[in-house]
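Heads up, the thing below is written out as structure tokens.
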Amino acid sequence: MSALLLKKLNVLRYSHSVAISLQDRDTFISIVSYLLENYLDNVHSAKELLSSSTDSNWEISLKKFFNENGFIDIQDASSIQDRERCLHFLADQAIKASYKKNSEQIHETKYKCLQTMKFKGFEFDKEELSQYIIKLAKLFNVKIIDDKTKLDNIMAMIIRIAKRKMDEVDFIKEKEKEKETKSDTNNNNNSNNNVTTTAQPTITSTYKDNSKNEIVNNNIFPLGFDFQDDKMNTAATILRLLYVSDLRELQTKINQVLATVQSYTADPQTNFKLGVVGR
Amino acid sequence: MSRSYNEEIGFIEKIDSVRYKIKKGFVPNMNVDGLIYVNDSIKDLVFEELEQYSTRGSAGGFLPAVKQIANVASLPGIVGHSLGMPDIHSGYGFSIGNVAAFDTEDPMSVVSPGGVGFDINCGVRLLRTNLTEKDINPIKEQLCQSLFDHIPVGVGSKGVIPMNAKSLDAALELGIDWSLGEGYAWVEDKEHCEEYGRMLNADPTKVSDRAKKRGLPQLGTLGAGNHYLEVQVVDEIFNKTAASKMGIDQVGQVCVMIHSGSRGMGHQVATDSLTLMEKAMARDHIHLNDKQLACSRINSQEGQDYLSGMAAAANFAWVNRQSMTFLARQAFAKAFNSAPDDLDMHVIYDVSHNIAKFEEHMVDGRPKKLLVHRKGATRAFPPHHPLIPVDYQFTGQPVLIGGTMGTCSYVLTGTELGMKETFGSTCHGAGRSISRNKSRNNLSYEGVLDSLQSKGISIRIASPKLIMEEAPESYKDVVQVIETCHKAGISQKTVKLRPIAVIKG
């Protein structure tokens, strides 16, 4: 079984004590049943397929289930390849269904989760970690409080300061660029005078990317920021385009709903006898 | 003791060709510096006002705009700068063209009706069409008359959309969602409005009966003053990609611009709140440089009530502009004998330039929730901001800048720099340069009309005095206002439009 499928099943909380083998018919049936029972019970004829899990011709029922719902084509449900394809497909459907069902809660708690996840792996009582945090705190000029229980607060402060420092990178890059231009001018002047100099390495060199990949036009789709790296800019632009197209689809659906409601409620009226021109 | 002009000007420092800093000390108790954006062509108008004040004292009941910018900088809880856009001119308490943001985490922070203006959610909406100037020319006069017949204008005008108290309450609460439900809006219209055409904190119970009574018959009316509906044609495209995202693809394409607000309703909400806040200021120990800056702590009862009432009035303004959109579509449909969707009469965008909103901005490297007051200033969010429609994610928010009766209007787009420097704000129009009185005295009715006629502009107007008051000569040069914003990088030029037909109060 592929690692990706295993990941998907883990996300869907399918528990298994031993390694999953798709060669085993019972295991395959049990995974399919688990997905149908827990996530896809609303799909047409899912209940029939679940009730036939002990039948010897279960594979025929599975094929029929896939056909009736317009899912992918299963040629041979006893082959490992088709079993894996089938599970991939059902797992994807299950994830979608689960997301749809819990989307509100997921969005509400996303921020909180991210906050708690930040420090999940940290054990603040470890001496070594405490020392590192204190060193970092000194580096960032954060006041050190001896109370160890406050270390997570100090860590949060350090992260906030570091993030702000990251925002200054653009400024540093600009400064370095200016320096580079100046040093180029100096070099030119110096070479005219036949004096040899070595240009100082600059931060900008680490941001430069000489790839010849196609760049998505920044003039037409401005990002509002510049990674100074063609690959990154292109990737960010593509992500933005995808996001905006999703947003457009969402807005169109909202408009469709509004139009449907409007067709029941709208009754615009005008009465020109009411109109009075002022002075 | 009053200072000489030279002493006053000593507090104003030129940063670059379009930025001037008003340093602390210019007026007492300034918490932050002021920052104004003007280029060499329009700076004299701003500084002359200060010079007159230094020599002859304040005129017309208002302090000079730069003094007002500085006074706002002294309000509690203000962050960043008190900002003045290139079209600044004196207004009630806050100058028109002032942006000020207050930190909501600071319990001392305030909300001020003067920072929003009396015409709550006054704003501009732009519709596109698939027509060109050639299509319009043969029937321009009939179309202009038809628009005038559909959309009542002027002080005391009454609209043609039947309303009752119950539907008004629903409109105040739901904003453009009310128009959608009733069928006065297309579903795509909502998508292209700032705030999606509805402020969620609106509470009609916080709007007085008097305000409701004033608003009830006024739905679908333009109002008077500088409000207008213009048929415009695309004169120049500066950014082809952004323009095409807005559905503008050729010079000569016809658009319709609507500039209006919340009519008497918004005015009454502001007046009611000012009365209550003036009383509450003594209780809350708020001391001001100028009593016109009347304000309340954001979290006080008066502050919260104003914000809920203001949001309801803002919703009324969106419903009002939407109702006029519905009527303009009808007028065009009749004139061209086709359905409005066959004429592609989609809303490009709808901006609000008199409003206070809770927004998140970076202050000293940290995200903060601020209450941003924009009075005569337009929100101009950059590309990829989550609060702008999906269609404009790559271009930035369209910013609609109305010119004057005979001059050009512009569509700009928001920028990252604007987000950092001005809380994502830019100018809102040309901005008056001389008072209405002066305009009436200095300009002739026939002269202004002749000038408009020579430019090929048809006009229908309810009040003759507005011809002089709203003449281009009464305003700053809109081109220089736009150039200042473009040069400063707080917004970028996208499209220039010129008027061919105007209806006004």
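Just so it is clear, glycine is given a Cβ too, placed from its N, Cα and C backbone atoms.
All TrEMBL annotations are machine predictions without curation.
For the Mn(2+) 2 site, TrEMBL lists B:CYS122, B:HIS353; matching the candidates B:HIS192, B:HIS259 against that entry yields B:HIS259.
The candidate list B:HIS81, B:HIS227, B:HIS285 contains one residue that TrEMBL assigns to the Mn(2+) 1 site with B:ASP119, B:CYS122, namely B:HIS227.
The residues near the Mn(2+) 1 site, meaning same-chain residues not in B:ASP119, B:CYS122, B:HIS227 whose C-beta sits within 8 angstroms of the mean position of the site's C-beta atoms, are B:GLY123, B:GLY223, B:GLY225, B:ASN226, B:HIS259, B:SER260, B:GLY261, B:SER262, B:ARG263, B:GLY266, B:ALA317, B:ASN354, in sequence order. In this structure the C-alpha atoms belonging to B:LEU229 (GMP binding site) and B:ASP119 (Mn(2+) 1 binding site) are separated by 17 Å. Relative to B:ASP119 (Mn(2+) 1 binding site), the binding-site residues with Cα atoms inside 10 Å are B:ASN354, the candidates having been B:HIS259, B:ASN354, B:THR404.
Those residues of the chain, other than B:CYS122, B:HIS259, B:HIS353, with a C-beta within 8 angstroms of the mean position of the Mn(2+) 2 site C-beta atoms are B:ASP119, B:GLY123, B:VAL124, B:HIS227, B:SER260, B:GLY261, B:VAL351, B:SER352, B:ASN354, B:GLY402, B:HIS428, B:GLY429. B:ASN226 (GMP binding site) sits 8 Å from B:HIS259 (Mn(2+) 2 binding site), taking the C-alpha atoms as the reference points.
Among the binding-site residues B:HIS259, B:HIS353, B:ASN354, B:HIS428, B:GLY431, the ones whose Cα sits within 10 Å of the Cα of B:HIS227 (Mn(2+) 1 binding site) are B:HIS259. A gap of 11 Å separates the Cα atoms of B:THR404 (GMP binding site) and B:HIS259 (Mn(2+) 2 binding site). In this structure the C-alpha atoms belonging to B:GLY431 (GMP binding site) and B:CYS122 (Mn(2+) 1 binding site) are separated by 14 Å. A gap of 10 Å separates the Cα atoms of B:CYS122 (Mn(2+) 1 binding site) and B:HIS428 (GMP binding site). Each of the binding-site residues B:HIS259, B:HIS353, B:HIS428 was scored by the number of other CB atoms within 10 Å of its CB, and the largest score is that of B:HIS353.
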